[in-house]
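Peer 1: One structure follows; several queries about it will come next.
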Amino acid sequence: MAACSIEDVLAKAEQDEAEKLKSITVQKELDLEFDIGNLVAYDVNRIDIRQFREQKKDDFLRSLARDNTQLLINEIWKHPTERVEEVIVVKLPEPTTVLPREKPPPKPRPPTKWEEFAKLKGIQKKKKTNLVWDDVAKNELHRLRNIARAQKIKVPGVGLTPTAQQSKTDLVRAVNVAKVSTASAGKFQDRLPKEKAPRNTGKKRKFQPVIGNFSNEKQRQLDLLKVMDSKKPRLDVNKAVNKQMREDDREESAAKFRKGGKKGRKGGNFSGKGKGGKGKGGGGKGRAGGKGQGPPGGKKGAGKPGKR
């Protein structure tokens, strides 16, 4: 066994250490092409054939792969980083290289019998919706329509929202609005014993505009003057006929009432002055009961007996 000097051992140890701890700076004639999204680097530099032949193939390829990997790692850390669960990671960009599939693309699924029938008849599949019919929303919509119809406004998009502080007027108005918000628009809504009738709920008077179309105003004034200058009073035929019919009905009703009253008095007690007869036998000349139509033997109509 050949003797080894201390210098040779130290030199070999330094060489091994240098091999393990190579510099992160790698010099290349041409820059590599990187696809950081796929973690791929393309080395387009020319391979030194003499160096490849002089060294061992495995050592040469290992050294070349190490340098290219070092350049790829250097390029990766140039991108923005973030901390995730106490670990620093790099945000990779979108890949630029289209990689081939590992397996062939799947074949299209053959259509079912229903799909063939729908295609033949032209039936299109409707997209299902997650909306469900809500009866409460329907009633709310009817309520808002009734309110809008009563207030003569458009249907609001949302419900009535209360304010922070409501006055007496606001509360009364809210109560009146709630009453007319029923299905019958408040027609059959009961009132409280001492509840007052709501104000400003009747029909409003409509006035003609002061400015605007003067021809209509001129025509109205001319019609008024024509009525005032006419000698014959203006007669409303319908109104007169209705008035006469009401009077005829009233007279007919009064006549029926009087006729019915006479029939009801038949056979009643009526007073009449009887003429006492002085004739023989004490019989009076007049009939018992006098001139009255009451029955004979009446108290007030009885005649005085004659003297013998």
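Backbone N, Cα and C atoms are what each Cβ position is placed from, and that goes for glycine too.
Summarising the annotation, TrEMBL assigns compositional bias 'Basic and acidic residues' to 188-198, 217-237, 244-255. Residues annotated as compositional bias 'Basic residues' in TrEMBL: 256-266. TrEMBL lists 267-300 with the feature compositional bias 'Gly residues'. Positions annotated as region 'Disordered' by TrEMBL: 186-308.
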Peer 1: Do you know the DSSP helix, strand and coil residue counts for the compositional bias 'Basic and acidic residues' (188-198)?
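Peer 2: Split into helix, strand and coil, the compositional bias 'Basic and acidic residues' (188-198) gives 0 helix, 0 strand, 11 coil.
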Peer 1: Counting by DSSP secondary structure, give me helix, strand and coil numbers for the compositional bias 'Basic and acidic residues' (217-237).
Peer 2: 14 helix, 0 strand, 7 coil
Peer 1: With DSSP as the yardstick, break the compositional bias 'Basic and acidic residues' (244-255) down into helix, strand and coil residue counts.
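Peer 2: Across the compositional bias 'Basic and acidic residues' (244-255), DSSP assigns the residues as follows: 12 helix, 0 strand, 0 coil.
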